[in-house]
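Noted in TrEMBL for the protein shown:
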type	residues	note
TRANSMEM	6-28	transmembrane segment
TRANSMEM	40-62	transmembrane segment
TRANSMEM	90-111	transmembrane segment
TRANSMEM	123-148	transmembrane segment
TRANSMEM	208-241	transmembrane segment
COILED	257-311	coiled coil
TRANSMEM	333-356	transmembrane segment
TRANSMEM	376-403	transmembrane segment
TRANSMEM	423-448	transmembrane segment
TRANSMEM	476-495	transmembrane segment
Amino acid sequence: MGDFNVALVIVAAVVSVVVLLVSVYLLVNYQHPDDANQAYFPKLVVVLGLTVAVLSILMLPADVANRQACSRAIYNGACSLTLPMRTLWLVVYIVDAVLVFLVIPFAMFYYEGDQDKSVGKRLRTALMWVVASAVVCGLVLGILYGLVGKVDFTVRHLSSSVETFPNSFSGFSSGQPCISSLPRLCAASTAPANSQTTWTMRATFPEYVVALATIVGSVLFTIFGGVGIACLPLGLIFSFVRRPKAVITRSQYIKEATELGKKARELKKAAEALHQEERSGNKGRKWRKNVKAVEKELLLLEDDMKALEEMYPQGEQAEATWAFTVLGYIGKLIFGVVGLIVSIAWVAHIVIYLLIDPPLSSFLNEVFVKLDGVWGLLGTAAFAFFCFYLLIAVIAGEMMLGLKLVFITIHPMKWGGTLMNSFLFNVGLILLCSISVIQFCATAFAYYAQATAAQEIFGHTLQSLRGIKYLYKYNVFQYGFVALAILTLFYYAIFGWRKRKPTGRFQLSN
């Protein structure tokens, strides 16, 4: 295969434009009607955040392709027009960190500010919170970088004497592999234990920022991703199991609709009471807890309304609507089964390749390599799919835990019904976890992504940082990920087939 470095640059430019257009498409179709023709700054942040998140995932396959771009060159720099991947990685993840810790919080504070205040006051309030957060983050980063911002590489010191170059190689064998007449003098396998030492150097500040952002993202990724890798496919499968089997009667519909109407009035009354407390300045811990409880009940109410509409389709096309409902649940079953296969492959790969030492097999690495042999981009596409699947699992895990745990705020993503604060929260979560997904994939697919710039940053520097390296040395995140996935599997096996019981009368906590 000849050099395709020029084609790679062209493909990278085209893909970037396509990703930007897709981000705009998602924003337009997911946004709530109340946000139409307003909130332009949060929308700009959402589009930029989605674009950066998607491109960061696609950069690892691009990094692999960039490594292979010069088939006859000793190193990438020997080819012209190869992508400067190391620089691109650092730029993308610095932008990622700025968006997550500065820009998105500012947009959320501004969007969620008291609408009765003027634009200037809302801007000042949001800027005050962000500046305070930036000062705290800057101090923490600076102190940590000054104290422990070093990389400790474990190296082995090897040396041998200088010998005259031989005229013949006939005297070499497995017992005498070296030039010296002394047996195995230069063989690394016989190096003494004291030849191993630690080589310390200071990490660059951008690399250190990426490393700390990766740690924060890894904690969230382990929790939400571990839960989501199981609940994403199982939720779809059990949604098919709990599907409505037949259309209900009109009297049943009226009875259920009356109960939902009572529930809606209770929630409206509770929301009005909370709004009065907000206007009076009483926004303590109890108020925030009640707000989250109301948000959860509203989300469940919307799900109940949707389920009722499915069980009693109305209008002239009622039969066609019911047919599409049935097909929709069949589609959930199909996607759930496919997702379950992918989830099992992910967990099996983590156990086989990462947790068992030495690895039993390179598993998915070999699959991607063989797919590349079938068609140049097939392995790359499969690799990108597995990475994107982890990001989708993170969102699914956050939604599930948000419904079960009141201290986690729910930010649902709904077609044509997503408020901008939910958009911003989920984009921030995706951006923060995308760094960890890339690091996780670079580790899990180290054989496939070997000799890449990502491997250098995430595989060597990150895993050798002082104070952080032990989290990776003992596979803390991988064990946590697998453990949460197994616990979620048991949860669905015990409770997943049950239909949710209707809640009683809703009351605010005192």
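Here the Cβ of each residue, glycine as well, is placed from N, Cα and C on the backbone.
With Cβ pairs under 8 Å as the measure, the transmembrane segment (90-111) is packed most heavily against 40-62, out of 40-62, 123-148, 208-241, 376-403, 423-448. Using a cut-off of 8 Å between Cβ atoms, the transmembrane segment (423-448) and the transmembrane segment (40-62) share at least three residue pairs, counting only pairs 6 or more apart in sequence. Among 40-62, 123-148, 376-403, 376-403 has the largest number of CB pairs under 8 A with the transmembrane segment (208-241).
This prediction places the mean pLDDT of the coiled coil (257-311) at 80. Residues 101-102, 105-107, 109-110, 113, 117, 205, 208-209, 212, 465-467 of the same chain sit 6 or more residues outside the transmembrane segment (123-148) yet have a Cβ under 8 Å from a Cβ within it.
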